[in-house]
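Comments concern the structure below.
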Amino acid sequence: MKRNKQIDIKGALVLSSIFHFLYSCARACILPFLTLYLRYLGLTPSMTGLLMSTKHLISLVWSPLASFLSKHYNKRRAVITGSLVCSAGAALIVLLIPSTGVETLTSHCNISHLSVSPTEELSDYVHVVGSEMPTTHTTIVSQSAAHESSPTETTSDTMSSAVSMSKATTYTLQLQHSNNVTTLQLQHSNNVTTLQLQHSNNVTTQWSQVNVSVANHSIGGERNGLESHHGASNTSPTVRRVSRSAEKEKQREKDEARLEFLGNLKVMDVQHQLFFMLLIVVSIWELMAAPLEWTVDDGLYEYLDFVDASDRYGSTGVWGLLGAVCGVSGAGLLVSHLDCLIGSHTPRSAVHFYSYAAVTTLAVPVVAFLPLYLNKKRSRSTGLFKALQLVRGDLRALLCAATTFLMGLAGSAVDDFLLWQMQDHGSSELHMGLSLAVALLSRAAFPLLSGRVSKLLSPGRVLLVGTACLALQCLYYSFLWGPWAAIPVQVLSCFSSGALWWAVQVQCEDVATPGTERSVRRVYQALSLDLGAGLGSMAGGFVVHRFGVSVLFRGVAVILLLWCLFLPLLQWKAPRQRRINYSRLLAADTSEVSESESEQERDWLEKAMEDDEQ
């Protein structure tokens, strides 16, 4: 960039604000509702927590590394464009992964015509295949038992249903699971056929063996005729050759599958197959999306710093929050007005992914006009490692870091499982979207109150208030009673989120040396939004799986309240060390202060410089 080139700072900020608005809107269309979609697919809470934890930890490692590489090779614009396109494509790949069963959809969506009981499945299928006794009996076993049992099942349950084979004949089917043993009874009049089977790791082989055994059994008064029929079939040479070739072909396919990774997945049960497929796709998605935010921020900040307008860098953050409000409320409103299924089999939750891809695509043309600048003269010593050293060397900064870590841990529990709690109490996507929108608006409104808050409370006290507000929110979430119950308490997000990051910003200014303000801020963000959120998602998933969502929220509230008790004592013991930010002093507009005030500031600056030299 040449110095004599005309620079439009206002236009650059407008373009950057538009991009942040669109990208935040796209993320808000899907990320708050992602765990709901994972629940629909059939993942357990622990699997959901592990998946979200992996996503946060990938962002923790890959975001700074990708930002450094894009700057080193001067490929920021290409990285941003590729990240947008590839992340939109990766999100759509998630829709190709099927759920574990129809019951995951019907549990929270009123589509009773899709819910089929075991008796209906059996009777419907029997009417289709006709009244041929051996074939019908074989098909009943493979369909019902494969659907109702799994190799690792240890509980005992019994299913009994009457199956109508024809107008004049009625059979009674009983299926019992107990301690890895399946017992099947098919009764007609006074004749009962009983079969017991020990579970194995291969469900397909298990039930094919059952089919052969049942096919060789006789039922009722047709025992002799059926045995003679099967005996004639088994003695046929053609049938033997076909059977042997089919068995060899199946064995060859199984051997080839075991040599591949996906073949190994087939050995697992359906739920673990689903988990590992989602883990792969979500990891790729995060690898594509993680570099974008840091790369855009670096380019914009260096552009504004080049034209001595870095003080206007933070104005784009408000537009990001407003975009998130539009995205989360719009997506919730749209999905809530759709039927449970779009077309024949697509769930309405897929609209979140389509919305994300569409809005992300809208942001691609804006990238071509983004103000990006590469400052090759910027010293590398003002990076993250120096910021870590600054935070580690100040006790109050360490307390602030510990607080942000706990807030990230608690925030991930809220982000991952609050919508589960709302869904269990009858909330639709409309209630969820409005609730999250109120929280974001409250957070965006805090800058309007920051002036008064700074006069009443110190940054340390603001940290305490923010932690207490989040604890009250979590405690409130554990006692929800209706669809709209979560909305009123979201107003506290003004302090639990907005005030917290304002206090972190003040702490960054206190501890940072010239040129390291953004790096120190990123250290706090990584501790909260990536490391804390990753560990919180993992722990929260296991707690929900074991005890439930309400217990998770109450446990988080107790931890935060305990920290509120210890934090003031630790802050009182910690000395306050304020570093002199010379760049802020030099950037001050001297025309707005009187001559006496300028002399006082000059005297204060000279005294501070003398103290530093000593």
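Glycine residues also receive a Cβ, built from the backbone N, Cα and C atoms like all the rest.
Lifted from TrEMBL, the feature list:
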- 244-253: compositional bias 'Basic and acidic residues' (COMPBIAS)
- 599-608: compositional bias 'Basic and acidic residues' (COMPBIAS)
- 17-554: domain 'Major facilitator superfamily associated' (DOMAIN)
- 140-161: region 'Disordered' (REGION)
- 219-253: region 'Disordered' (REGION)
- 589-614: region 'Disordered' (REGION)
- 12-38: transmembrane segment (TRANSMEM)
- 50-69: transmembrane segment (TRANSMEM)
- 78-97: transmembrane segment (TRANSMEM)
- 274-296: transmembrane segment (TRANSMEM)
- 317-338: transmembrane segment (TRANSMEM)
- 353-374: transmembrane segment (TRANSMEM)
- 395-414: transmembrane segment (TRANSMEM)
- 430-450: transmembrane segment (TRANSMEM)
- 462-479: transmembrane segment (TRANSMEM)
- 551-570: transmembrane segment (TRANSMEM)
Restricting to CB pairs under 8 Å, which listed stretch, 50-69, 317-338, 353-374, is in contact most with the transmembrane segment (274-296)? 50-69
Other than its close neighbours in sequence, what residues sit by the transmembrane segment (353-374), given a CB gap under 8 Å and a spacing of at least six beyond its ends? 1, 12, 15-16, 18-19, 22-23, 25-27, 29-30, 37, 71, 74, 76-77, 80-81, 84-85, 87-89, 91-92, 94-95, 296, 299-300, 302-303, 306, 327, 330-331, 334
State the residues, same chain only, that lie 6 or more residues beyond the ends of the transmembrane segment (317-338) and have a CB under 8 A from a CB inside it; answer 'none' if no residue qualifies. 17-18, 20-30, 32-33, 348-349, 351-352, 355, 359, 428-434, 436-437, 440-441, 443-444, 447
In terms of Cβ proximity under 8 Å, which residues at least six beyond the ends of the transmembrane segment (50-69) contact it? 34-35, 38, 43, 75, 79, 275, 278-279, 282-283, 286-287, 290-291, 293-295, 298, 384, 412, 416, 522, 526, 529-531, 533-535, 537-538, 541
Using a Cβ cut-off under 8 Å, which residues of the same chain at least 6 positions beyond either end of the transmembrane segment (551-570) come close to it? 399, 403, 406, 409-410, 413-414, 417, 421, 460, 463-464, 467-468, 470-472, 474-475, 477-478, 540, 543-544
What average pLDDT does the predicted model assign to the domain 'Major facilitator superfamily associated' (17-554)? 78
